[in-house]
Every structure is written in C-alpha cells, then in structure tokens.
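This is the structure, below, for whatever I ask next.
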Amino acid sequence: MLILGIESSCDDTSVALVDASTRGFKILAEKTASQIEIHKKYGGVVPEIAGRMHAEKILPLIEEAAAKQPKPDIIAVTSGPGLITGLMVGVEAAKTLSYLWNVPVVGVNHIEGHIHSVEIFNFQFSIFKIKYPAIALIASGGHTELILIKKRGQYKKIGATLDDAAGECFDKVAKLLGFDYPGGPKISKFAETGNPDAIKFPRPMLDKNNFDFSFAGLKTSALYWLRDHTVIARRSRSDDEAIQSSNDTGSPRRYAPRDDLSVNDFCASFEQAIIDVLVGKTLKAVEKYKPKTIILGGGVAANKKLRETLSSAIKQRSQISNLKYPISNYCMDNAAMIAVAGYYHAIKKGFTPWQKLKADPEWEIAH
Ligand code: KG4
Ligand code: ZN
C-alpha cells in the first residue's frame, strides 16, 4: 500500500511517500520545509506566519515527493492537535487531492504519529513493530503525555503536563540564556560538559502519586536563579587564575565571582531536573502497567541523556531494556510517522469522506 503522508501541525511542512507492506514500512520519498529560520526572529512559532509558510510550501513539496512515483493508494494527514493555521493547510491539501485523485483519506492524530515514529527505519524496510501493551512518553514543544496503549489503536492518556510541555520549558529557559529557538538542542549540547549537580532545581510533581507533569515552576526557578546569579562562559584554568589576580590587585573584576557557575553547569543541572521527572514518571507507569514496549517519542526524545537515563533505569529493573525511540530525524515532526499511523487506520478502513474531514487543534488522542 502506497501512502502519502502530510504533516503541517507546527513549524515543519512535511510530505512523505511510504510503502507499507507485510515487510514493514519503507520511505520512498520525503520532503520537508522547516520554518525555524523565520520563527527564530520571534523567539517561538508565530501561528499566522506558520500558516502562510505552510500554504506556500505544501503543493511544491507534494509535487516533488510524488514525482516519478505511482499514485498513492491512500492519503494520511495530521488533522490535530496543533496550530489551526497549519492544520487547515494540510487538511485542505489532503481533501483536494483525495477528490482529484479519487483516493481515500485518513485523518491522523499527531501524537499517534509520534508513537508510530519508532517503526520507521529510514529508506529501508523496518521490521520493528510495537508490542502491546505499550507505554509511550511523548515529549515535544507542544506536548508531554504518558499514554497507555493496551492494543494497537486503543489509547488511554494516563498523564500529561498541567502547564508547559517539556520542550517548551527547554525553549523558554534557553531564551533566557539568549539561545535561539528552538533552544532544547543547545541546552543539551552545553549540558554535555556541565555538572548536573551544580544547582539543585526542583523536580516538580515527582513525588505525586500520579502520572502528570508540571514544568512551569521549574522554568520560574531557572528564571530566579539567573536573576540572582551570573552564569559565565565555560571556565578554564586560565580564567581562574585571572579571577585570582584581578582580586589580588584590587582592580575591577572582569570575571564573575568564584561561586558563580558556568553556563554548562546551569544547562546540565536544568536538563537533569527535566530528565529526572520524565524518567521517574515513566518508570512509575512501567511498574504499574508492565508494558512489552516502552516508547519515547517527540522532539525531546532526541535528547541523548534522556534516552540513556531512561534506558539504563529500565534495564536496572528488568535486565533488558524494551525502550524504543525513533532514529534521530524522526523524533521531530515528520510526515513519514503520519503515513505509518495512517496505514493502521487504512487496513481497518478507518477513512473519513473528504467532505467531512476537519482540522481539530484540540484533538485528544484519548482521555
Ligand atoms: O516534536 P517537535 O519537532 O515539535 C513539536 O511537536 O513541538 O519537537 C520540538 C521540541 C522543541 O521544543 C525542541 O527544543 C525540543 O523538541 N528538542 C529538544 C532536543 N531536540 C529537540 N529538547 C531537549 N534536548 C534535545 N536534544
Ligand atoms: Zn510533534
């Protein structure tokens, strides 16, 4: 079955042609236009600009991806949740093509796409299939959710953030440090050489007996810490000597005082707080529901330390780790994951007549 996937729920316009068969999934063509360079100037995604950019890019991208390929058997499009301005563009494109090509269309939940992103293996057939029951932690700029999947397609949201998403918290704190949007990858890069125990940030909701998250308080703690301290660029031995000598001579201090920390220490401590909460809550869910597959998806799943910490925490409990995360490119929003999730609806004839397909920015995967 040849599937045209379309994703436009945030700041990536993405189109993919995926071959789905008993051998697994194989991407035949993929085209993505990122809007990051434009939104960077504003420090975050501006919905109106995003909508206009999607509208500009979507048809040329479909044309490029579909060139020299047979007509798809189905179209799978993200119809929620996400920014209405972007979703509408993808959904209207899918409806138009469904009508023109006389091909059925399926509306896919964006979170369901992230869940199935672990079944993608680039341009080769992927043989990995999720085993159920599964637990999925989906952490991105817009979402932080723990989902129990009893059987394929049977979702129960067991926990979610009550305020900011994990990626949003990374991005907002990165902005305080003067990093460009999206700041998550920059924080994790600086964190690599920092001390995660340097600053004791709170681990919100970790001791609560539920699967919910809250990151707004952590963001505020980071804000207050930055207000009250100076972070300095990574300190080397020569910096230390310079501080010493400038103090000794009584000349004006060119460097932060000794008790201030490097930006690397700040990033490592902040990142560790987010990781501890994400890992702690996921482990609680694993202990309760004993899943056969544990899925880590969404943009924040690209964080290497999060992957390693979660994987080794699972191994400590059960000797082997049944954690599965997407190959790096597919952590971020992409159309291939939408095509894969759409395939599972298509084999159950879960189509929507194009006249009835609607973008739903608030679409919950399950309650
Ligand atoms: O899934 P995604 O592409 O878009 C949304 O649906 O939001 O996720 C983007 C988010 C951003 O907040 C970005 O900062 C975060 O994922 N992110 C990371 C890393 N790479 C991307 N956060 C922490 N560490 C990373 N390495
Ligand atoms: Zn996403």
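Each position is counted from 1, following the chain as shown.
Cβ coordinates come from backbone N, Cα and C, glycine included.
According to TrEMBL, the record shows the following:
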| type | residues | note |
| --- | --- | --- |
| BINDING | H110, H114, D333 | Fe cation binding site |
| BINDING | I138, A139, S140, G141, G142, D171, G184, N303 | substrate binding site |
| DOMAIN | 26-339 | domain 'Gcp-like' |
| REGION | 237-256 | region 'Disordered' |
DSSP secondary structure for G142 (substrate binding site), reduced to helix/strand/coil, please.
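In three-state terms, G142 (substrate binding site) counts as coil.
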Where S140 (substrate binding site) and D333 (Fe cation binding site) are concerned, what is their Cα separation in Å, rounded?
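Cα-Cα distance, S140 (substrate binding site) to D333 (Fe cation binding site): 9 Å.
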How many neighbouring Cβ atoms, not counting its own, are there within 10 Å of the Cβ of S140 (substrate binding site)?
26
From the binding-site residues listed here (H110, H114, I138, A139, D171), select those whose CB sits under 6 A from an atom of ligand 1.
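Those binding-site residues that pass the cut-off, since their Cβ is under 6 Å from ligand 1, are D171.
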For a Cβ distance below 6 Å to any atom of ligand 2, name the binding-site residues from A139, S140, G141, N303, D333 that qualify, or say none.
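Listed by sequence, the hits are S140, D333.
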Within 10 Å of the Cβ of A139 (substrate binding site), how many other Cβ atoms can be counted across all chains shown?
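Cβ-Cβ neighbours of A139 (substrate binding site) within 10 Å number 31.
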Check the Cα-Cα distances from D171 (substrate binding site) to the binding-site residues H110, H114, D333 and tell me which is shortest.
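Its closest listed neighbour, by Cα, is D333.
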What is the Cβ neighbour count of D171 (substrate binding site) at a 10 Å cut-off, with all protein chains included?
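Excluding its own Cβ, D171 (substrate binding site) sees 25 Cβ atoms within 10 Å.
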Measuring Cα to Cα, how many Å separate N303 (substrate binding site) from H110 (Fe cation binding site)?
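Between the Cα atoms of N303 (substrate binding site) and H110 (Fe cation binding site), the distance comes to 20 Å.
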Sort out the sequence-distant neighbours of G184 (substrate binding site) for me: same chain, 6+ apart, CB within less than 8 Å of its CB, listed by position.
G141, G167, F170, D171, A174, G299, V300, A302, N303
